């Protein structure tokens, strides 16, 4: 069973290089990036061989504990390769112990698993200053790898069982966004209060505690032996006991997943047809109604809707704690919201998944598809941005600044919508399926998502750059610059939006079958 799943995982990884050229390029870039990070970590661990023992211990145990924690938490939000989901094997009649072992071993196969193995082996070089410590480090390598892999599988499988309803996924999304939002201002606050320097003095004590926990025991055992203390053997026992407990938990989770149907959402009574009864009975109106329903009800869209206003709040908090004047901070939220609101449309087609066949089979005009999808963003977003611009200008002490704020914000939204109209039809990349966790990204995404997101983000900023520059000049009191910024944002953003709608519509009409095929593969 184990060799079969390992071969299957290797074949799936190899098949990623048989996709479209853009996906292959993105995958190669992602591998190069991951390889570079891994090489840096390995080099650092080798260099710690010649560092002072307390420093090496703090870095290895502290960083290793964070890595173990990340292997547990990240899969809960991002997910892991869903081809190894235990629920997929429910109909094959495989005994749960065999399946649990096979899935755990196959979980090591992949870029993250390879990087983890290399980093774990590099700790042997770190502790080669002492033969006994090097031997213990070598023993700890498989313990570290299996512990991290089991934690990632347990986190993903547990989340799959507990977060099978829409409300539970929405609650997780809200908790995640709020938690991440608090990290940056908390860090700045600690720095300003000079608590960071005090915290550094306590790292040794924290590392000493982590060394006796499941997070850091396997990383700390060689360090303790290198320090001449036999307590390292006890830490190795803690690490082995942790691995045994995780194996038992993983076996139990696999058994539960094989027979569980997941938590069922309570049935709800819905009256009427919602937005479909309020918007015009035209192709454009029907698409706009469905897009509006997505933004209102789909948890994947709700995550974006929550994160878009949270991002500028975090930015204002961080800069405010850093000492930036309040009248300048008041000018930031609206353009930042506009930036991410326009950028959020760059992969909209992919969220339809197989429902895109309706558009292809019905022969919907590309322009109608583009405009219908953008209706909620433009109809709701643009008026709110205009109102927010006047509020921000009033808080900044000059209503004249509303003009450049409107120009920059509208330019960013229109540019993002236009560019997204082309990219979503030309280079869609896989996204979480309807009804799944918004943080669970398909394994077939590769690095294409990062490439598309980065390029579109930069192009959006480039289009709005003239309006931004003129707006900055308007801060010195020049009314002419303020009105020029307004004109530049509206004209350039409008031109890009018009071009993107027309060009994106043509691409959509030409690539309809390819878009449907991509949705079926995702």
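Cβ atoms here come from the backbone N, Cα and C positions, even for glycine.
TrEMBL lists 21-46 (among others) with the feature transmembrane segment.
Sequence annotations record features per position, and here TrEMBL assigns transmembrane segment to 52-78 (among others).
Here TrEMBL flags 99-127 (among others) as transmembrane segment. Counting residues 6+ beyond its ends, the transmembrane segment (99-127) has Cβ neighbours under 8 Å at 1-2, 4-6, 8-10, 13, 30-31, 34-35, 37-38, 41-42, 45-46, 48-49, 56, 60, 64, 67, 80-81, 84, 86, 89, 133-134, 136-138, 140-141, 144-146, 148-150, 152-153, 219, 222-223, 225-226, 247, 250-251, 254, 258 in the same chain.
Taken from TrEMBL, the feature transmembrane segment covers 133-151 (among others).
For 171-193 (among others), the entry in TrEMBL reads transmembrane segment.
Here TrEMBL flags 199-221 (among others) as transmembrane segment.
The transmembrane segment annotation in TrEMBL covers 233-253 (among others). If one looks beyond the transmembrane segment (233-253) by at least 6 residues along the same chain, the residues whose Cβ comes under 8 Å of a Cβ in the stretch are 86, 96-97, 100, 104, 136, 139-140, 143-144, 146-147, 150-151, 153-154, 157-158, 161, 211-214, 217-218, 220-221, 224-225.
What TrEMBL lists as transmembrane segment is 303-324 (among others).
According to TrEMBL, the transmembrane segment annotation covers 374-395 (among others). Within the chain, the transmembrane segment (374-395) has long-range Cβ neighbours (under 8 A, six or more residues past its boundaries) at 284, 287-288, 291-292, 295, 326-327, 330-331, 333-334, 337-338, 341-342, 344-345, 401-402, 405-406, 409-410, 413, 417, 421, 501.
According to TrEMBL, the feature transmembrane segment maps to 401-427 (among others). Remote same-chain residues near the transmembrane segment (401-427) are listed as 22, 331, 334-335, 337-339, 341-350, 366, 370, 374, 377-378, 381-382, 385-386, 388-390, 392-393, 448, 452, 456, 459-461, 463-464, 467-468, 470-471, 474-475, 481-483, 485-490, 492-494, 496-501, 503-505, 507-508, 511, 515 (criterion: CB distance under 8 Å, separation of at least six residues from the stretch ends).
As annotated by TrEMBL, transmembrane segment applies to 448-475 (among others). Nonlocal intrachain contacts for the transmembrane segment (448-475), taken as residues 6+ away from its ends with a CB within less than 8 angstroms of a stretch CB, comprise 22-23, 25-27, 29-30, 335, 339, 342-343, 346-347, 400-401, 403-405, 407-408, 411-412, 415-416, 419-420, 423, 427, 429, 441, 481-482, 484-486, 488-489, 492-493, 496.
The transmembrane segment annotation in TrEMBL covers 481-501 (among others). If one looks beyond the transmembrane segment (481-501) by at least 6 residues along the same chain, the residues whose Cβ comes under 8 Å of a Cβ in the stretch are 367, 370-371, 374, 400-401, 403-404, 406-415, 417-422, 463-464, 466-468, 470-471, 473-474.
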